[in-house]
Every structure is written in C-alpha cells, then in structure tokens.
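Over in Swiss-Prot, the protein carries these features:
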- 5-97: domain 'Ig-like 1' (DOMAIN)
- Cys26-Cys81: disulfide bond (DISULFID)
- Thr104: O-linked glycosylation site (CARBOHYD)
- 126-225: domain 'Ig-like 2' (DOMAIN)
- Cys149-Cys209: disulfide bond (DISULFID)
- Asn185: N-linked glycosylation site (CARBOHYD)
- 234-330: domain 'Ig-like 3' (DOMAIN)
- Cys255-Cys313: disulfide bond (DISULFID)
- 351-368: transmembrane segment (TRANSMEM)
Amino acid sequence: KTTPPSVYPLAPGCGDTTGSSVTLGCLVKGYFPESVTVTWNSGSLSSSVHTFPALLQSGLYTMSSSVTVPSSTWPSQTVTCSVAHPASSTTVDKKLEPSGPISTINPCPPCKECHKCPAPNLEGGPSVFIFPPNIKDVLMISLTPKVTCVVVDVSEDDPDVQISWFVNNVEVHTAQTQTHREDYNSTIRVVSTLPIQHQDWMSGKEFKCKVNNKDLPSPIERTISKIKGLVRAPQVYILPPPAEQLSRKDVSLTCLVVGFNPGDISVEWTSNGHTEENYKDTAPVLDSDGSYFIYSKLNMKTSKWEKTDSFSCNVRHEGLKNYYLKKTISRSPGLDLDDICAEAKDGELDGLWTTITIFISLFLLSVCYSASVTLFKVKWIFSSVVELKQKISPDYRNMIGQGA
C-alpha cells in the first residue's frame with residue numbers, strides 16, 4: 001500500500017552552535033514504496049549533504065539526510081528541507097529552526113541571550129537504527145561490506161551501551177564500536193559496524209543488532225536483510241554535452257541508467273582511467289513499470305572536455321554480468337571521425353544496395369522483354385517465309401502428269 005512519509009526537522013537547540021559549523025538533519029519516516037528525494041534550499045545546498053540509506057521496518061521505510069552549514073549563517077538565514085515522494089505524489093517542506101526547550105521547568109532563554117541551554121530531558125530513552133552495507137562494498141570482492149547499528153540520544157548520565165550482533169540468530173563478535181558526543185544536544189551517539197561476508201548478504205541472511213542501556217525498559221532489537229524480489233539488469237546510456245553548452249566555460253556529461261531492480265546501485269565516473277569526483281546522482285526513482293532509473297551528471301570545465309580522451313560511467317548492480325558495466329564516451333578526434341564516417345558509410349551502403357537492386361531488377365526485366373519481342377519477331381518472320389515459299393514453289397507433280 002502506498003504510504004506518504006512523515007518529515008521531522010532535526011536542529012540543535014539555541015546556544016549549542018558554538019563551533020564554526022552546524023549540522024542540520026531531516027528524518028523521513030513511515031513511507032512506502034521507495035524512493036524519496038531530499039533537497040536542501042531547493043538544491044542550492046549540495047556540497048555538504050549526506051544522505052543515509054533507507055531502512056525497511058514493519059513494511060515502511062525510514063531514511064535521513066543531513067547538511068552542514070556555517071554557524072554564522074544559521075539560524076539568521078533560512079534552511080529548508082524538501083522531501084518528495086513520487087509514489088504518493090507528496091511534497092513536504094520543513095524549515096529548520098532552533099529546537100525549543102524540552103523541559104518547561106528550566107526553559108531556555110531566547111537565542112540572542114542564550115549561551116548554553118540545559119541538557120534535554122530524554123524521557124523516551126535511546127533510539128536504535130540499523131543500516132545496510134554500501135552496495136559497492138557488496139559487489140566488489142576487494143572491499144568489505146559492513147552492516148551498521150546506530151544508537152542515538154544516549155544520556156551522558158548513563159553512557160554505557162551494550163551492543164550484540166547476530167547472523168541468522170547466531171551471535172558473532174567481530175563488530176567495532178565507537179562512541180561520539182553530540183554537542184548540539186549533549187547526548188551520546190554509539191556506532192557499531194559489523195563486517196560481513198559478501199555471499200551472506202547476497203544470499204539473504206538476517207543481521208540483528210541488539211542494544212541494551214539503563215534507560216531502556218528492555219533491550220531493543222533491529223534486524224535487516226537483503227530485500228528479495230525480481231532482479232533486472234540496468235541499461236546504461238552516456239550522453240555528451242549539448243551543443244549549446246560547448247560555448248560556455250562549464251559543460252556536463254550525463255549517465256542515464258534505466259530499467260533496474262532492486263534499487264540498490266552504484267554509479268561512478270572516471271576519465272582516462274582516473275576517478276572523477278565532481279558529479280551528482282539522483283536517488284533511484286521508481287518508474288511506471290516497477291523498475292528504477294537514475295541520472296548521474298558529471299560537471300567539468302569545457303577545456304577539460306576538449307583535452308581529455310575519454311570519460312566513463314561505471315555502474316555496479318547485482319543484475320549485471322560480474323556486477324559491473326562500463327560505458328565510455330570519447331573526445332578523440334580520430335575516434336569521433338571514425339564513428340561519424342561509420343554511420344555515414346552505413347547509410348550510404350544502404351542507399352547503394354537499394355539502387356543496385358532496383359537497377360538489376362529493371363535490367364533483367366528489360367532483357368526479358370527484349371528477348372520476348374525478338375523471339376516473337378523471329379517466329380513471325382519465319383512463319384511468313386515458310387508460307388510464302390509454299391505459295392511460290394512449283395507443283396512438279398502436276399507438271400509431270402500433264403507432260404505424260
């Protein structure tokens with residue numbers, strides 16, 4: 001059933017932005033199906049955005065996105081989180097404002113006068129989230145995929161958190177756990193990562209994170225596994241800069257990846273074999289046929305496009321042979337000329353064969369017609385000669401009879 005998301009802005013309280021930058025967040029919860037798109041200030045904030053993978057729990061997805069901005073610009077300047085869920089035709093805009101006090105006993109003074117707000121009263125206790133491995137790590141044998149368990153809103157008074165990991169209900173002890181202090185609300189965040197085997201994830205094994213803390217009435221368990229379903233390989237198309245762009249200082253290449261399922265995919269760019277960093281991907285979008293598509297745009301200076309031999313769009317997806325497909329576009333004049341000539345020759349040959357076929361057909365028809373006419377004339381002349389000869393030839397038999 002299609003379910004629109006609920007959107008919650010996550011912002012520090014007044015007085016907690018003491019550093020040079022501040023991180024703002026947007027929690028998108030309770031939607032189905034995938035996917036959603038999160039933009040900040042209509043896309044003008046993009047360089048410091050981090051989007052976390054979606055988590056499926058109880059048939060609904062939850063994901064989050066964060067952006068880091070200079071503390072000198074917020075909250076004096078507006079920051080807005082925009083969430084679009086195409087499947088439900090839902091668009092939600094949330095303005096990020098300093099969070100007000102949770103406790104009414106010791107309220108926070110206005111931000112202009114505030115130096116340090118009291119720590120929030122975390123009556124609800126810690127929250128636990130589990131995240132799947134990066135798809136590139138899963139599909140590349142040289143990398144190590146990891147499942148991540150994140151515990152947030154841990155009180156500084158009871159910071160001890162016990163995290164246990166299970167694979168198909170068998171406990172494992174290879175996880176690495178780190179603790180971080182969240183300055184914006186004076187809480188503890190605990191991150192535990194479990195290295196896993198590639199085949200364990202691909203085969204659908206279940207990974208469980210079990211968390212316990214004094215502020216929890218009972219342990220919290222979160223499970224995750226690879227979503228089962230039809231696997232469809234993507235089709236990849238790489239598009240050169242439009243002709244109108246070539247007169248400008250900057251140009252862009254586009255990689256269109258369509259028709260794939262599931263939605264987990266990795267797209268990267270290289271030029272002459274070297275990794276490119278200046279590109280942006282859309283989130284996978286659910287198409288009308290149930291498959292997904294994605295756009296990736298590589299930006300560069302026009303001079304680089306003119307000087308570089310080739311650019312490649314590298315796609316990794318479980319539906320591909322060896323999980324990998326590379327599409328390359330070349331700026332080499334020789335190669336470009338060959339491609340153009342090849343296409344022109346194909347067109348010329350098609351036209352030439354058509355002309356030759358028509359000519360041969362007409363020639364054979366003409367020969368047949370001429371032969372038929374000639375044969376008819378010869379037959380007519382021969383018949384006339386025979387008839388004439390019969391008329392003028394003397395009747396020697398009668399002549400002999402008369403002589404006798």
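Backbone N, Cα and C atoms are what each Cβ position is placed from, and that goes for glycine too.
Remember, predicted model here, so these are calculated numbers, not experimental data.
Secondary structure at Cys149 (disulfide bond), taken from DSSP and collapsed to helix, strand or coil, is strand. A straight line from the CA of Cys81 (disulfide bond) to the CA of Cys209 (disulfide bond) spans 30 Å. Taken residue by residue with DSSP, Cys313 (disulfide bond) is part of a strand. The Cβ neighbour count for Cys81 (disulfide bond), using a 10 Å radius and every protein chain shown, is 27. Taking all protein chains in view, 26 other C-beta atoms sit within 10 angstroms of the C-beta of Cys149 (disulfide bond). Summarised by DSSP class, the composition of the domain 'Ig-like 1' (5-97) is 6 helix, 52 strand, 35 coil.
Sequence-distant contacts of Cys26 (disulfide bond), defined as residues of its own chain at least six apart whose C-beta falls under 8 angstroms from its C-beta, comprise Val7, Tyr8, Pro9, Leu10, Val38, Ser64, Ser65, Ser66, Cys81, Val83, Lys94, Leu96. Under DSSP, Cys209 (disulfide bond) is assigned to a strand (E or B) in the three-state scheme.
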